[in-house]
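Listed in TrEMBL:
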DOMAIN    B:15-154  domain 'DUF1468'
TRANSMEM  B:47-68  transmembrane segment
TRANSMEM  B:80-100  transmembrane segment
TRANSMEM  B:106-123  transmembrane segment
TRANSMEM  B:130-149  transmembrane segment
Amino acid sequence: MEILVSMLSQVDFVFVLLVFAGAFAGLFVGAIPGLSVTMATALLVSITFTWSVKNALAVILGVFVSGVYAGAVSAILINIPGAPSSVVTTLDGYPMARKGEAALALWAATFHSFVGSVFGFLVLMFVARPVTDFALSFSAMDYFLLALFGLTTIGTLTAKNYLKGGICAVLGLLLSMVGIDPFSGTARYSFGLTDLQGGIPLIAALIGLFGFAEVLDQVARGTMSAIAEKAGRMRYSFREMIRYLPLSLRSSVIGTFIGALPGAGGPVASIIAYDQARKSVKNPTRPFGEGAVEGVIASEAANNACIGGALIPMLTLAVPGDAVTAVMLAAFYVHGLQPGPLLFVRTPELFSVVLAAGFLACFAMLVLGMTVVPRLSGIVLVPKRILMPLVTVLCVVGTYAVNSSMFDVGFMFCFGLAGFLMRSRGYPAAPLVLGLVLGGMMDSNLRRAVNMALAGDSVFLELFGRPTTLVLSFLVAFSVLAAVPAVKERIGAAVSRMLSVFGSGR
Amino acid sequence: MTNARSPWAGNLRHGVFFLAVAALFGRQGFAVHDGGQWSLSPALFPLILSGGLALLSFALIGQALLRIRAGDEGPSRKDGAPISPMRASLAFLLCVLYALALPRTGFLPSSAFFLALFCLLVGERRAARIAALSLVSPAVIYLLFRHGLNVLLP
């Protein structure tokens, strides 16, 4: 109750206005590939450093919440994820748009992103400390296994032939090794090119593999009518909201927890939530991957719930959960504040400001998502002979905007061609992109884990002896084995045998 | 036996290609090993990954060989309209020319020219629509990105 009163005492007209302005800007920043929420937040830190902390946080959180959600808009409408955490949304969101349900997909993304965001902030409000303690008990090996679990899952989920999904995930990881190794300073796989020493440009890969590959695919097929004949109904019934709420909440729990793990973030959360949705939803509207609204809901609820999760270790321990919270941490220091355990003691009102801005930003996102975003679904009605040339120019502009580099644009075209060839041969792009995103984290955590294990008595026990590590190792092994058809059949037979034994005993 | 265009024969070729990629990455991985402790080496994870890729490639080859031996023709491809490599190549070539022209001629003229050519390539024949798209949209994008969002354009 005390915290509610404290939150309400922070809210005034200017505060609300700034949150809405931030959310409006975030909507565009998130939806345009190449403009990231991290970039926008960093810009805002420099713009707002003379403002009061309260007003600065209002606009930053508005951009943050709305920007993460808006990544789904381009993912659904034109198959270009606005950010890596929206990659999984393309799996069902774009097929929905092609089947004439773009507006429904956007509504579902809006409402369940709202549920996810609110859930994340509620967890931040009530159980920040225990979540932080559990998240910090994760070892380097646990982080490695968590990312590996995400990759094995997405690899087997997105390809008809699990070997092809696995190959794409490993290729993504290998490509993420390109550039200067942060541990030793050695250049890896840069082939003497200085432009490659900074690594493979992620946004170029993302835009190329999803956006430009789609352009080439459509041009090659010569299907130049609109993406869909209709944008679909412009409302999302109350019954549907309630029906999908349990799935949305389950995904939000996953998203909040993974968000609280420093470095894991939205991409991992959305994959794992998508996987649990696929396993737990018995009768999806359509098979997953072919336009199931449940896939969009799981992915979007999880990646938005990450926001509250990522703020937990940032506020309680000054450990940022993701790139945006790292920039926010910098904003705190710029304003002369010291995040961490003493933040609540020295400036307790700041916690209320963050919560008030967060909840208001969720509300702003919902309002804008319901009023502005469905109007954008008309994009799917534009004939492709008009849309595809425009998308190509936007792909170029979005890629160039990140580093002002034509080298990145060249990369984007190469990734686009690779994506087109992969697609026509049954190789999914999503595992490759997620391998690129997670590779650096896996590399550093594996080496850290091996080094720490070598310093102990038993390497094996040091690596796998902890309960969390054992659970994660089991999950990885199960995920890999369950993808092999023969093993899958045997597991299914064993489960039915067990069930029949229990049945006969009754 | 199965014909050379069956999906399994394709997978066999892909397996060999990925095996070569694994060998290339593995060789380069060894090259970055600094001779020190392996657990600290920048080559550790790349070499594990190269090994993993080689393993998966062998599995893909093995799977293809087993299916070919079993006389399996593979799943039928029902992915919509057939793909024309010629159209895709022309579109890609046009995009490469656009990328080359951008730093030399600037965003507005090269984009206008590119949009007009791309529209013609994908079958748009109405001159008014082509002119509107190629003249108005680069200007809107330029105003939005350069002046609205303060983002540099080529």
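Sequential numbering from 1, following the chain as shown.
In case you wondered, yes, glycine gets a Cβ from its N, Cα and C as well.
Predicted automatically and left uncurated, TrEMBL annotations should be read as such.
Since we're looking at a predicted model, the values are computed, not measured.
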Positions whose Cβ lies under 8 angstroms from the transmembrane segment (B:130-149), at least six residues beyond its ends:
107-108, 111-113, 115-116, 119-120, 124
Along the domain 'DUF1468' (B:15-154), what average pLDDT does this model show?
87
Give the residue counts of the domain 'DUF1468' (B:15-154) per reduced DSSP state, in the order helix, strand, coil.
105 helix, 0 strand, 35 coil
